[in-house]
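> Pulled from TrEMBL, these are the listed features:
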type	residues	note
BINDING	ASN105, HIS110, GLU115	oxalate binding site
BINDING	HIS108, HIS110, GLU115, HIS157	Mn(2+) binding site
DISULFID	CYS29-CYS46	disulfide bond
DOMAIN	60-211	domain 'Cupin type-1'
SIGNAL	1-19	signal peptide
Amino acid sequence: MKFLLTFVLLALASSHAFASDPSPLQDFCVAINNSNSAVLVNGKFCKDPKLAVADDFSFTKFRYPGNTSNPLRSKVTTAFVDQFPGLNTLGIAMARLDFALYGLNPPHIHPRGTEMLVVMEGTLYVGFVTSNQLNNTLLTKVLTKGDVFVFPQGLIHFQLNIGQANALAFAFLSSQNPGLITIANSVFGSKPLINVDVLTKAFQVDNKLINHLQAQNWFDNH
């Protein structure tokens, strides 16, 4: 399992794999929130590389299980550039996914990154939907410990725990900031709300159902 994780990380780190971010022009650029810094790279100010320390390149929040006591019964702990500044310009990110029984990471997209998922414990039902050009085809797979699945950049995808125990997976993404758009939260929980007429016509349902959906408290498991 350690070999598998190492292999996935090396594949994502290679500029010839499927990294979507621009190639860095320096060894690294540890992100800092300091407007007095002279260099701005990938939307982040750079720490003076001579002042970088090992802790800038270390992330320890994957040590502990995420809190799955929520309506989705899942928790995603992200190591994107905002949480892990050392990733700036490196074109890679990670996430830990914890699932309680019947836990769901709901349909969502990463607009700027491809995702590779490796299951560490449990059984997950995963899938993604192709674009309109490919007839919105649903591709699914049941994954168990050690299995890997890839979700192409920008396509709607999900993970559901269908096993008899908690599940754990790690995701590797081909961008330091792959972005996240959870479909239900965005469509029915936007601020301000999308006009009901737009959604009734788009989903071909009556306004009572749309009003009901917009009245829900859409939980974010990230």
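Yeah, the Cβs are placed from backbone N, Cα and C, and that goes for glycine too.
Keep in mind the model is a prediction, meaning the values are calculated, not measured.
I'd like these features described in context: how deep, what's nearby, how far apart.
Less than 8 angstroms from the CB of HIS110 (oxalate binding site) sit PHE151, GLN153, GLY154, LEU173, SER175, PRO178, GLY179, LEU180, ILE181, each of them six or more residues away in the same chain.
A C-beta separation below 8 Å, combined with a sequence spacing of at least six in one chain, links GLU115 (oxalate binding site) to VAL150, PHE151, HIS157, ALA171, PHE172, LEU173, SER174, PRO178.
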> Can you name every residue in this chain, apart from ASN105, HIS110, GLU115, with its Cβ inside 8 Å of the center of the Cβ atoms of the recorded oxalate site?
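Everything else in range on the chain: ALA95, HIS108, ILE109, LEU117, PHE151, HIS157, ALA171, LEU173, PRO178, LEU180.
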> Within 8 Å of the Cβ centroid of the Mn(2+) site residues HIS108, HIS110, GLU115, HIS157, which other residues of the same chain have their Cβ?
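Near the Mn(2+) site, beyond HIS108, HIS110, GLU115, HIS157, sit ILE109, PHE128, PHE151, LEU155, ILE156, PRO178, LEU180.
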> Please report the distance from the Cα of HIS108 (Mn(2+) binding site) to the Cα of CYS46 (disulfide bond), rounded to the nearest angstrom.
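Here the two Cα atoms are 31 Å apart.
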> Of all the disulfide-bonded residues here, CYS29, CYS46, which one's CB has the most other CB atoms within 10 A?
CYS29
